[in-house]
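S.K.: Okay, handing you the structure first.
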Amino acid sequence: MGDMANNSVAYSGVKNSLKEANHDGDFGITLAELRALMELRSTDALRKIQESYGDVYGICTKLKTSPNEGLSGNPADLERREAVFGKNFIPPKKPKTFLQLVWEALQDVTLIILEIAAIVSLGLSFYQPPEGDNALCGEVSVGEEEGEGETGWIEGAAILLSVVCVVLVTAFNDWSKEKQFRGLQSRIEQEQKFTVIRGGQVIQIPVADITVGDIAQVKYGDLLPADGILIQGNDLKIDESSLTGESDHVKKSLDKDPLLLSGTHVMEGSGRMVVTAVGVNSQTGIIFTLLGAGGEEEEKKDEKKKEKKNKKQDGAIENRNKAKAQDGAAMEMQPLKSEEGGDGDEKDKKKANLPKKEKSVLQGKLTKLAVQIGKAGLLMSAITVIILVLYFVIDTFWVQKRPWLAECTPIYIQYFVKFFIIGVTVLVVAVPEGLPLAVTISLAYSVKKMMKDNNLVRHLDACETMGNATAICSDKTGTLTMNRMTVVQAYINEKHYKKVPEPEAIPPNILSYLVTGISVNCAYTSKILPPEKEGGLPRHVGNKTECALLGFLLDLKRDYQDVRNEIPEEALYKVYTFNSVRKSMSTVLKNSDGSFRIFSKGASEIILKKCFKILSANGEAKVFRPRDRDDIVKTVIEPMASEGLRTICLAFRDFPAGEPEPEWDNENDVVTGLTCIAVVGIEDPVRPEVPEAIKKCQRAGITVRMVTGDNINTARAIATKCGILHPGEDFLCLEGKDFNRRIRNEKGEIEQERIDKIWPKLRVLARSSPTDKHTLVKGIIDSTVSEQRQVVAVTGDGTNDGPALKKADVGFAMGIAGTDVAKEASDIILTDDNFTSIVKAVMWGRNVYDSISKFLQFQLTVNVVAVIVAFTGACITQDSPLKAVQMLWVNLIMDTLASLALATEPPTESLLLRKPYGRNKPLISRTMMKNILGHAFYQLVVVFTLLFAGEKFFDIDSGRNAPLHAPPSEHYTIVFNTFVLMQLFNEINARKIHGERNVFEGIFNNAIFCTIVLGTFVVQIIIVQFGGKPFSCSELSIEQWLWSIFLGMGTLLWGQLISTIPTSRLKFLKEAGHGTQKEEIPEEELAEDVEEIDHAERELRRGQILWFRGLNRIQTQIRVVNAFRSSLYEGLEKPESRSSIHNFMTHPEFRIEDSEPLIPLIDDTDAEDDAPTKRNSSPPPSPNKNNNAVDSGIHLTIEMNKSATSSSPGSPLHSLETSL
């Protein structure tokens, strides 16, 4: 009975302990004793408490705290406790220094190759062959004027200097983003609060301020912030799997197992505990420190302690370590604010055991694209070097028949080094260094801005995944409605009151039952407080439905607090707390005569079925038959529900003193044979902005579904008010039990085919359990009923919503009403619990994708042109027209700036005027491909014209076939300058990727873009006019500058011409991808595929969607590339482990599998809107079409599970993980 009989106790000596604590720093129990006690489990712990301290109140006395009043809150006392018992904080690892980040940036293989080549070039440039031998070395050394040989070192030095610049820029980016992340992290941590009792007042304090001796209130959904011992509990069940590996919920009670451990989840019930260990001394903290999260000193110190403990309590530690290996969730202690945690092994275990996302949509596609670009670049650079070396060797030793002289060897080697540098230049050009940075910047920028739109992003990839969302499964309460509940109708003493009745109209005994039942059978943490501002609304604290009932008592001019003062929470004999399965709450009171009375409240149809009597008009109980119940349902409950009211039934039952005491653990026998007191109708108004937000979603091709625990009539009424349902539409509204009946076969197994028949038309799922929600979400995601497979976002607030939130592509948790467990399972937290914030998330998600596409269009144009120019130029003229240092400026510096410029475009409402991208849409739409090839054609024509005819046009010396270490030529400077200016003006073109004509639209709204374009132009002037030998530049005249600018601006005019050409006419673009039928794609690749987005298309045909299909079949090639890419980025920082769920902005992680997902990179479908006017206009106004998932324009052929994948430092987006 001890777990039920939470009766008041005379706390001898405890009440005075508050005063003692302020004067005496010596506690009656040491830190070591508390740690040893918390190591024990269940009966061992209970025995130790009884033997050493008597009971939990004895521990409270020794800790100088009151079980009822808590700590005094005196600052001196709190400081003393922190000094003795520690702070609720795990010191994070020191952030990497700037020099460490510089060293890591230097590990890039491309840069290492350039460094080696530059050093060799530098060393050889100082060698001069004997004068007499110069002629014998052939033409290779002819043409060097006096003194020019001495400047040969400049090129090598300039390359080294460029590498230093690149490294510093990279390191600074990483450093600033890590700093930004830590700032955001600390801000999030400051917002984490927990409820404690101090000075007799229930207050919320930051988790870090909790100290030993605090009396903490725990409730359903909490993640425990510290270790403690239960003082009083109501039906308390804890999920300890994070520490023990046991999946069953553990029932906690004073007489069986009173220990509560940090990092565990409260799955049911409520209670109070005295905090006994915090921070590194708590059970989760000990594990953190053993893993090194607390720093090296802590680790060494705790390793010694661990060894000692192993001898004494080997079993306990072994058990915990085994549990840790089984379930990495031990690392998820929310309140312990470790920003980095765990060594690599534990991190890998955690990832292996905690299902989270695979590669996100964008990451998957960019990974594949980077692999293919890397392959092409490697091939082109190798061919370039081979051709140059062969040409030189054949020309020198075969055609000119020169002998190989030992004295000439250094000169020959210089040539080979020069060829090698040209080859590396081609590789540098081909590898899109700016791409990971563009993703990082775009996501970081979006995440920062989304916080202002009430979206707190925990997983960065969720930000862009929202751009793909085709379906949103939303809760009703608080998300679509205001969560400001009030009782507006009631059925009492056989009368249906359309407004709250006067207390005089209710018989006194019914009023008494009503007041006592509501006061004690609502959580004592639910209360109504006076308004913060004069004239404002009273504040509702705790469960909003219970607050509505308490407000109902206040409307009846009765004060619930008087009843609670008379019957404190400790006097409650037994509480059956509310959960999603029972959908009711019951409280048992023991009367002085030995009799019991139970009060119940819950969903009206559930409680009414358990009622055998009802209080009549005169206040007497009369028999309540099934037909009477049916009458009430038809005349009272259904009319209330059809007005959108939530109906709650209140009832009671007496257990006379003479009868045997019931078996309290058998709830079904206890909560039955009730007497109905009243049925109340609670109004929760729809948020005024929600109907418009839902209309925007439907216009954007997103289907909104309501999943709620309310009855079907209430749900249907609210759905109609919101605009989810429209009169006359053929859509389904189902209750959970009906839904389950339809989707299961005779054996009770769920069948996907059955779900597929329901979900396309389903709009409302009422009376649903969290399991139903998970089943629906999984069913929609896994469905292949149409090619347009779904990307699903889900909102959730309850502990049991965790599975659905994790299964969804994007899980939204409620910041206000959500439990810690729901927040932990989510990807994004809605800080205002408002549906309109989800719409903003969709807008930001689409904007991220657009930003990356813009940069991709710009980057690929630069890459195509530069690779062809470097390759062709090198093969024809024996030298690259664009020198290594110039290419470093173009590719590493300018692209970095361009990624910043294009990735920070603010979103516009027009993003919501088109359908979602979908999972399998190609990354490069045909419009983008048209722009890339069109602009590349213009730029190549200009560059090659200047290269082979420029000297005649400008009447200057030709720069072609210049000897080694020749001075910079005006000719090649004009080529370089024109090339850069064409990229600069093409950056403006790249702002639009849908074929819009006005590329300047909104340009001044983006100050970053304007600043960067102007800044790049200024730097280009400095490089050309003053760069000299290091940049291989010669000063240009005003005329030459004007011609360069004119040719650069030509890209804007050329862009208008390209926009005029209808994409649908360019059939040859189709040849870029070979059609692969759906059935040809191997199942395992289907399972790994990820979402695709393309802006240019409305639909995607089944065939002809895959590019480089052959590459996917050659597994060994991909392994080679993986190895190459791993080495390419091996020096980059490993991502911080998600050791604490405080790390809300944890990093997106992915790896490149041997079996690459089949993702089309080039779109080759015909359906395309070429005119910007079409593209920006809203789709056809058919509500069915807008609101039907089948027409949402998504083509999906794969499953994307939210499961963790280990991070690969070789991934091209790895910088994303390391820098945020």
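FYI, residue positions are counted from 1 along the chain as it appears here.
Just so it is clear, glycine is given a Cβ too, placed from its N, Cα and C backbone atoms.
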S.K.: Topology question: in Swiss-Prot, are ARG597 and GLU909 both on one face of the membrane?
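M.R.: GLU909 and ARG597, as annotated in Swiss-Prot, occupy the same side of the membrane (identical topological domain).
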S.K.: Need one residue: from ASP174, ASP782, ASP797, ASP809, the one Swiss-Prot lists with ASP475, THR477 for Mg(2+).
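M.R.: The record-listed residue among the candidates is ASP797.
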S.K.: For the candidates SER12, SER786, SER1140, I need the one that Swiss-Prot annotates as phosphoserine.
M.R.: SER1140
S.K.: Could you let me know which of SER17, SER186, SER592 shows up in Swiss-Prot as phosphoserine?
M.R.: SER17
S.K.: Do any residues, 6 or more residues outside the transmembrane segment (856-876), come within under 8 Å Cβ-to-Cβ of it, and if so which ones?
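M.R.: Cβ under 8 Å, 6 or more out: 369, 373, 376-377, 380, 383-384, 387-388, 391, 419, 422, 425-426, 429-430, 432, 434-435, 438, 882, 887, 890-891, 895, 898-899, 902, 923-924, 928, 931-933, 935-936, 939-940, 943-944, 947, 979, 983, 986-987, 990, 993.
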S.K.: Taking pairs 6 or more apart in sequence, does the count of Cβ pairs under 8 Å between the transmembrane segment (972-991) and the transmembrane segment (1040-1060) hit 3 or more?
M.R.: yes
S.K.: On a simple 10 Å Cβ count over all chains shown, which one of the binding-site residues ASP475, THR477 is most densely packed?
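M.R.: The residue with the densest Cβ neighbourhood is ASP475.
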S.K.: Any idea what the model's mean pLDDT is for the topological domain 'Cytoplasmic' (1061-1220)?
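M.R.: The predicted confidence over the topological domain 'Cytoplasmic' (1061-1220), as a mean pLDDT, is 38.
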S.K.: Take the topological domain 'Cytoplasmic' (992-1005) and count its residues per DSSP category (helix H/G/I, strand E/B, coil), listing them in that order.
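M.R.: DSSP composition of the topological domain 'Cytoplasmic' (992-1005): 3 helix, 0 strand, 11 coil.
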S.K.: Determine which residues of the chain contact the transmembrane segment (1006-1027) at the Cβ level, with the cut-off under 8 Å and only residues 6 or more beyond its ends counted.
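M.R.: 889, 894, 897-898, 900-902, 904-906, 973, 976-977, 980-981, 984, 987-988, 991, 1033, 1035-1036.
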S.K.: For the Mg(2+) site (ASP475, THR477, ASP797), what does the 8 A shell look like? I mean other same-chain residues with CB within 8 A of the CB centroid.
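M.R.: The surrounding set, listed in chain order, is LYS476, GLY478, THR479, ASN483, THR708, THR795, GLY796, GLY798, MET814, ALA817, ASP833.
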S.K.: I'd like the per-state residue tally for the topological domain 'Cytoplasmic' (904-927) from DSSP, helix first, then strand, then coil.
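M.R.: The composition, in the requested order, is 7 helix, 1 strand, 16 coil.
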